[in-house]
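Database features, via TrEMBL:
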TRANSMEM  6-24  transmembrane segment
TRANSMEM  36-56  transmembrane segment
TRANSMEM  68-94  transmembrane segment
TRANSMEM  106-124  transmembrane segment
TRANSMEM  156-181  transmembrane segment
TRANSMEM  188-206  transmembrane segment
TRANSMEM  212-230  transmembrane segment
TRANSMEM  242-264  transmembrane segment
TRANSMEM  279-300  transmembrane segment
TRANSMEM  307-325  transmembrane segment
Amino acid sequence: MSNKTYPVLLCFLWTLFGVSKIAFTYNIYLSSYIDILTIVNFLFVFMGAGIITFRLLSKPVSFNAQIFVFFVLLLLSLLNNSIFALIFNFLVWYSIAEIVPIKSFRFVYIINIGLLIGVFYISVKLNGDTYYFDLRYGDVKSFGFENANSFPQLLIIFYLIFSTKIRHLFMLFLVYLLVFIDDIYTKSFYVILVIYPCLLLLFKYYRCRYLYLLPVMLFLGSILFVYMYASNIPIAIKVDQIFSYRISFSNIILSSIPNLYYLFFGLSGGGDEQLPMDLSYMAIIFTFGLIPSLIIILMYTRTLKSLIIKYDYGILALCTTFLLYAFVENILISFILNPTFYYVFYYLNSKR
């Protein structure tokens, strides 16, 4: 086995154990296998440590902006234990971006996300459909999850990473419609299916020079809408209804943060766990605090700027669509279901 194969294999195994964690944690039919989940969790951490070690041994580490970010987060983790998990997963993604080529990463990720989708889909075919009660639609198929919005998230992630070619996306789009149109009622699912190819076409022929400000706008916009909702401003209340009360839930959770200390440095657990935290940009504040959240947003801002300069419109469309999707689903800090972390660390490397 060549030295180039080892990092790809490590990446494959880490991603495999990552999707296995999701399966044994959230699949209704598999969540009872606690012992297997314990083993999978250990292997996930072990393979992550192996990837980091391989990166450290394969090439010298120079002090740069990314290393500085890790040191800042390490200091902040003394105030909030949940930041340790953020640091570890960032180190893994940083290492993968350094040692695994883009094509190899995409191939590995597509296989594992496809496998995860298959596990959930097959589990309900073998054991019976699972349902989530929605006030608007009644009982809605949840495909093995407790929440009906979770399975569409997997389909969207697969859709985004599958290809940056319109004809490939069109074929997958048709497959999704034929298979799932009668069972999936999540509106954001269908919106993203349309937005992604549209952005690919737009960025191919038009260079959006100020698009790098999008992460900042989404982050500040989330905070602004929550503040406006708390002030009973009509437009915020209307937007809240459009986005299925995500803003009002975020407002309730934000109100549960005891003081400014926890606002800046995070509240481990993210506030009231009984309420859905679907706005990613609010979820990172609840979990990690305002300072780490700003670091994450600035990382995405720099990445988009680099993609605009290099005119890599395919990855630019992927990351942009993902950031838009993160406004309605809590996927930004999902360490396995956020493949854009790879591109963030890949393009933040100034040598590329």
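Each Cβ is built from the backbone N, Cα and C atoms, and glycine gets one as well.
Remember, TrEMBL labels are computer predictions, not curated facts.
Highlighted: of the candidate stretches 6-24, 156-181, 188-206, 307-325, 6-24 has the greatest count of Cβ pairs under 8 Å to the transmembrane segment (106-124). Remote same-chain residues near the transmembrane segment (212-230) are listed as 236-237, 239-240, 247-248, 250-251, 254-255, 279, 281-282, 285, 293, 297, 300-302, 304-305, 308, 320, 323-324, 326-327 (criterion: CB distance under 8 Å, separation of at least six residues from the stretch ends). Residues 106, 109-110, 113-114, 117, 189, 192-193, 196-197, 200-201, 314-315, 317-318, 321-322, 325, 331, 337, 339 of the same chain lie 6 or more positions beyond the ends of the transmembrane segment (156-181) yet place their CB under 8 Å from a CB of it. If you count C-beta pairs under 8 angstroms between the transmembrane segment (68-94) and each of 6-24, 36-56, 188-206, 307-325, the highest count goes to 36-56. Stretch with the largest number of CB pairs closer than 8 A to the transmembrane segment (36-56), among 6-24, 188-206, 242-264, 279-300, 307-325: 6-24.
Just going by CB pairs under 8 A, the stretch in 188-206, 242-264, 279-300 that sits most against the transmembrane segment (307-325) is 188-206.
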